[in-house]
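What follows is a short report on a single structure.
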Amino acid sequence: MLLWLAEYLAQYHSGFLVVQYITLRGILSVLTALFIAFWVGPIMIRMLQEKQVGQAIRDDGPKSHLSKAGTPTMGGALILVAIVISTLLWGDLENRFVWITLGVLFVFGAVGWVDDWRKVVEKNPRGLPARWKYLWLSVGALGAGCALFFTAQSPVETQLIVPFFKSVAINMGWFYIVLTYFVINGTSNAVNLTDGLDGLAIMPTVLVGGALGIFAYAGGHAEFATYLQIPYVAGAGELVIISAALCGAGLGFLWFNAYPAQVFMGDVGALSLGAVLGVMAVIVRQEIVLFIMGGVFVMETVSVMLQVGSFKLTGRRIFRMAPIHHHFELKGWPEPKIIVRFWIITVILVLVGLATLKIR
């Protein structure tokens, strides 16, 4: 929005042309989202407390969690508001990737909102029925896949890129839509599973989102993409604005979500943020790198799959409790130690992912 205004004002003063630079708009985007989160956060927390929108705690979970009962949830809406406002202010609203990503954010956020509302306001422990939940999540993921597939402007936009190797790309054809579906839905649910401790999910989300912004900046610049031998996707650079907004909003939310948390993200935040990571990775053709950088999300998801599979096949559990962060809690690890160690793992994995820019 402000980009249009700057372009108009540039005819009166050339200094306004500086707003065209993605780097400047990225910085302004992160600061705007951070400011909104700091400003709106206390207001939203107070409103949630007044309306008694508090988190219900499982009786069979770690006993240390019982003290968290009643902590306001659905705070992820704060992140979404900050991301959307910042993106609309500083993004190029004629860019298709901006609208596709915001569309995914809206659909997954809406599903998460309804699920949270039914659980904490209507006191329905089942939340949104699973069949309806996954129907609408599938609609959002498949819709994004179709939109990206049918608006692709070059063959590379629908190829699967293998990191660490030069010119290794697999033509996906129509299977690209299926891949997009699994990447978006898989990442969404993985982040949701990770969101079980104070600040555990949001910091890895910020780190991975920021790294994807670097890939978007490089991949959206023809010269950088050629030099680094990564896919050039025209227009992908605008994802830097969304990535920056995600980082700013996420850090602002972490201010209130850090241990001991004043507010929880809820499904409205976890499902939507995971989906945004997925769609950004698809757009910049870095799905495999997302799998590497989001290793904590993968570990949490695999731990649940192994736990369920083992119990059904043998009647025995591999972990004391799944997802795996609860396993460490029941082993006696303090919650802050688990959180920080998972953050450290994410930093390492993000650096490995960024190394693929040069190691080919």
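Backbone N, Cα and C atoms are what each Cβ position is placed from, and that goes for glycine too.
For 27-47 (among others), the entry in Swiss-Prot reads transmembrane segment. Long-range Cβ contacts of the transmembrane segment (27-47) within its own chain (Cβ-Cβ under 8 Å, at least 6 residues beyond either end) map to 72, 75, 77-79, 81-83, 85-87, 89-91, 240-242, 244-249, 251-253, 255-256, 262-263.
Listed as Cβ neighbours of the transmembrane segment (73-93) (distance under 8 Å, sequence separation of 6 or more from its ends, same chain) are residues 1-4, 25-26, 28-30, 32-34, 36-37, 40-41, 44-45, 48, 53-55, 99, 102, 105, 109, 112-113, 116-117, 120, 238, 241-242, 244-246, 248-250, 252-253, 256-257, 263-270, 272-273, 276. According to Swiss-Prot, the transmembrane segment annotation covers 73-93 (among others), on the basis of sequence analysis.
Under the heading transmembrane segment, Swiss-Prot lists 97-117 (among others). For the transmembrane segment (97-117), the list of distant contacts is 73-74, 76-77, 80, 83-84, 87, 91, 127-128, 133, 136-137, 139-141, 143-144, 147-148, 184, 188, 235-236, 238-239, 241-242, 266-272, 274-276, 278-280, 283: same-chain residues at least six beyond its ends, Cβ to Cβ under 8 Å.
Long-range contacts of the transmembrane segment (132-152) within the same chain, counting only residues at least 6 positions beyond its ends with a Cβ under 8 Å from a Cβ of the stretch, are 96, 100, 103-104, 107-108, 110-111, 115, 158, 174, 176-181, 184-185, 188, 271, 275, 278-279, 282-283. Summarising the annotation, Swiss-Prot assigns transmembrane segment to 132-152 (among others) and lists sequence analysis as the type of evidence.
Residues or ranges marked as transmembrane segment in Swiss-Prot (evidence: sequence analysis): 164-184 (among others). Beyond the ends of the transmembrane segment (164-184), by six or more residues, the same chain brings 104, 138, 140-142, 144-146, 148-149, 155-156, 158, 229, 231, 275, 278-279, 281-282, 287, 290, 356, 359-360 to within a C-beta distance below 8 angstroms of the stretch.
According to Swiss-Prot, the feature transmembrane segment maps to 199-219 (among others). Here the transmembrane segment (199-219) has long-range neighbours at 22-23, 26, 191, 225, 228, 230-233, 236-240, 242-244, 246-247, 250-251, 253-254, 257-259, 261, 265, 269-270, 273-274, 276-277, 280-281, 283-286, 289-290, 293-294, 296-297, 325, 338-339, 342-343, 346-347, 350, 353-354, 357, meaning same-chain residues at least 6 beyond its ends whose C-beta is under 8 angstroms from one of its own.
The transmembrane segment annotation in Swiss-Prot covers 236-256 (among others), and the record cites sequence analysis as its basis.
Per Swiss-Prot, transmembrane segment is recorded for 263-283 (among others), and the stated evidence type is sequence analysis.
The transmembrane segment feature in Swiss-Prot is assigned to 288-308 (among others). Tertiary proximity for the transmembrane segment (288-308) is limited to same-chain residues at least six positions away from its ends with a CB under 8 Å from its CB atoms, namely 160-163, 183, 186-187, 189-191, 193-194, 204, 207-208, 211-212, 215, 274, 277-278, 281, 317-319, 322-325, 327, 342, 345-346, 349-350, 352-353, 356.
Through the fold, the transmembrane segment (337-357) approaches residues 163-164, 197-200, 203-204, 207-208, 210-211, 214-215, 218, 228, 230, 259, 286, 289-290, 292-296, 325, 328-329 of its own chain, all at least 6 residues removed from its boundaries and within a Cβ separation under 8 Å. Annotated transmembrane segment per Swiss-Prot: 337-357 (among others), in sequence order.
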Could you pull out which residues elsewhere in the chain have a CB under 8 Å from any CB of the transmembrane segment (263-283), counting only those six or more residues past its ends? 41, 44-45, 48, 55, 71-80, 83, 97, 100-101, 104-109, 111-113, 115-116, 120, 127, 137, 140-141, 144-145, 148, 179-180, 183-192, 194-195, 201-202, 205, 208-209, 212-213, 216, 233, 236, 239, 242-243, 246, 250, 253, 256-257, 289-290, 294, 297
